[in-house]
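The structure appears below as C-alpha cells.
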C-alpha cells in the first residue's frame, strides 16, 4: 500500500467522549506527539507511519520490519514521533513471538518518556479470527494494564474490500472485530488504498489522537514501572521457553538411552540363547571378550541347530 496514496477515515463508536472533533486541545499535552505502531506481519504498519510523517522514512511496502525503528518529523508545526515495530506471525514458531515482543518493549523505550498513543493496525483483507484477536490482545497487554485506554484500532482496507458493506457493518458483523474494538473503548479508524480529493487524512488522524490524549489528561502510556514489569514478563517467557527446550532435549536423550538399553538387552538375550554366559552373572568366571571368530562360530552353531 503506497503511503502517498492512503486515505484515513476515522470512526468512533460507543459512548461520546469528553472531547469532540474540533474541540481545542491543550497545546502542552500534544506539542510532541509520540505514537507506537503494532500489529501482525504485513498489516501495513510501515505505510501508516510514512503517511503520518508525510515521507518515506520507514521501509517500503514488502520489506519486512525486523526491529523497532523510531522516526520523527515536524507535522503541522509540531514534532511527531512514530515508532514502527515488527509484526507477529499468524502462526508463530518458538522464539519468533518472543523476539517480536522484545522489540515492542524496546520500541516503547524509544518513545521516552513514553508514548501517548498506540495504533493497533489490523488488515481487513481477510476474515479476522479468534486466534488473531487473542494475539492482538496479548501484544497490547504487553504494554501494561492501562494500554487499552491509549489504543486505537486502525483498519487497513484494500480498494474494493467494502464494496457491499460499510466499515461499521463490517465491524458489527464480526464478533471478534467488535470485541477488539470494545477493548479500545469503541475507538476505530480505517485506512484505504485510495485517497480522496480535498481530504487531509493526517490532520484528521492527528486530531482524533489529540482528543484521546486530552481525554487521558496527557497521561503517558508507559512509565518506568510499566517498562520494568514488561521486561520481567519477557524474562519469564524466556525462562519458560528455555525450560521447555531443556525438557525436549531431555526427552530426546531419554529416548535415545532407552533405544540403547533395548539394543544391549537384545544382544545379551542372543548370547544367552547360544549358551554363552552373561558377564554380569559372575565377573570371576566371565568369558573373554568375543572376537569375530567367536561370533562366526556362534552363528554357525545356530545354523546347525535350526
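Each residue, glycine too, has its Cβ placed from N, Cα and C.
Curation does not apply to TrEMBL; its annotations are automatic.
Now, the feature entries from TrEMBL:
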- 1-23: region 'Disordered' (REGION)
- 30-230: domain 'AIG1-type G' (DOMAIN)
- 236-306: region 'Disordered' (REGION)
- 238-248: compositional bias 'Acidic residues' (COMPBIAS)
- 249-259: compositional bias 'Basic and acidic residues' (COMPBIAS)
- 296-306: compositional bias 'Basic and acidic residues' (COMPBIAS)
Discussion item. Just to be sure I understand, if DSSP states are collapsed into helix, strand and coil, how many residues of the compositional bias 'Acidic residues' (238-248) fall in each?
Written reply: 11 helix, 0 strand, 0 coil
Fill in: pLDDT averaged over the residues of the domain 'AIG1-type G' (30-230)
86
